[in-house]
Amino acid sequence: RTARDRWPGPVLWSGGRPTLRLWLPAPPLQQLDPENTGFIGADTFAGLVHSHELPLDPAKLDMLVALAQSNERGQVCYQELVDLISSKRSSSFKRAIANGQRALPRDGLLDEPGLGVYKRFVRYVAYEILPCEVDRRWYFYRHRSCPPPVFMASVTLAQIIVFLCYGARLNKWVLQTYHPEYMKSPLVYHPGHRARAWRFLTYMFMHVGLEQLGFNALLQLMIGVPLEMVHGLLRISLLYLAGVLAGSLTVSITDMRAPVVGGSGGVYALCSAHLANVVMNWAGMRCPYKLLRMVLALVCMSSEVGRAVWLRFSPPLPASGPQPSFMAHLAGAVVGVSMGLTILRSYEERLQDQCGWWVVLLAYGTFLLFAVFWNIFAYDLLGTHVPPPP
């Protein structure tokens with residue numbers, strides 16, 4: 001029997017997870033598709049569900065109606081129905097709903113009554129991150145508390161632990177880079193240690209002082225955790241680590257004598273991606289005071305970059321060597337606007353199906369290849385004098 005001969009029955013739900021898929025007896029094709037067009041009427045399918053008295057996720061019924069109403073005949077094709085039941089969303093599927101002439105049949109999530117504390121937080125995250133009501137509802141009803149957003153929380157916790165360890169060891173909590181023992185850490189990126197490849201990433205666990213750590217940790221928890229809740233661990237960890245790696249490699253090209261510390265490359269990748277997504281979808285975003293918050297975020301990020309520039313070129317205390325570079329901040333912002341915006345705009349869609357993703361990935365790969373060759377050959381060819389590492 002072919003797929004068209006077996007019509008997918010509704011999914012039985014238990015604890016918010018699909019536990020069993022039933023296949024209903026196939027009715028005559030003339031009844032479901034009398035003209036043999038390959039399309040199914042939404043009302044016909046809903047009647048089939050009710051006649052068998054089997055529960056279907058109400059959010060998916062809403063999606064089905066919205067999808068059908070994007071078609072002038074109120075129908076959906078068989079593959080769209082299968083994708084909906086199996087929780088798959090293609091670009092064409094999302095576009096069909098977005099181009100529909102009416103909203104979902106129920107009110108928005110803000111009018112959802114009787115929610116507990118956690119579900120209200122999930123709703124808050126949906127309105128903070130997603131610009132479309134369809135996406136918000138899809139995320140709200142499909143969100144599961146397991147797995148939790150462990151990546152950003154783990155990175156932040158590790159950064160705090162490393163900072164406390166070095167603070168206690170050096171007995172210094174502000175401007176730690178001025179301590180002669182600080183640069184001896186195996187985690188710090190130093191141009192004299194560029195052959196030790198792990199340093200291009202591990203520098204994110206070291207920080208100049210308490211103020212830099214506090215700024216990065218706050219943004220990682222306020223922006224990174226909601227982003228991870230919506231877009232998943234793999235996408236957000238990829239974006240964060242891409243910003244961190246781009247930061248150290250950019251410093252090795254543009255500021256060849258400077259070390260790098262802090263997770264600002266990853267933090268600015270997350271922040272710039274989120275801010276760019278808000279700007280690109282300004283009309284659809286429903287987060288409160290979005291203009292004021294946008295201005296405050298830009299002011300804080302600009303102030304942090306200005307502080308890094310000041311420490312690099314006008315250090316307040318005499319130091320034995322160059323101070324950490326600020327170029328990682330700018331590199332992270334570029335990664336966020338390019339790669340990050342592509343990731344955030346592809347919610348619930350496979351990145352490999354997006355043409356823009358491959359363009360961005362090719363550009364990032366070209367930059368990595370260039371940076372690797374630069375670090376191998378450019379220092380000797382240019383005769384750059386690199387201060388010896390501690």
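Glycine is treated like the rest: Cβ placed from N, Cα and C.
Here TrEMBL flags Ser264 as active site, nucleophile. Under the heading active site, TrEMBL lists His329. The domain 'Peptidase S54 rhomboid' annotation in TrEMBL covers 196-345. The feature transmembrane segment is assigned by TrEMBL to 150-169, 200-221, 233-253, 265-284, 291-313, 325-344, 356-377.
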Whole-number mean of pLDDT values that fall within the domain 'Peptidase S54 rhomboid' (196-345): 90
Residues of the parent chain within Cβ reach of the transmembrane segment (325-344), under 8 Å, 6 or more residues beyond its termini: 129, 227, 231, 235, 238-239, 242-244, 246-251, 254-255, 258-260, 262, 264-274, 276-277, 280, 301, 304-305, 308-309, 311-312, 351, 354, 356-357, 360-361, 363-364
Residue numbers, six or more beyond the limits of the transmembrane segment (265-284), whose CB comes under 8 Å of its CB atoms: 129, 131-132, 155, 204, 216, 219-220, 223-224, 227, 236, 239-248, 290, 294, 297-298, 301, 328-337, 339-341, 343-345
Residue, out of the active-site residues Ser264, His329, whose Cβ gathers the largest set of other Cβ atoms within 10 Å: Ser264
Winner by Cβ pairs under 8 Å against the transmembrane segment (200-221), considering only 150-169, 291-313, 356-377: 150-169
His329 (active site) versus the residue listed as 'active site, nucleophile' - Cα distance in angstrom: 6
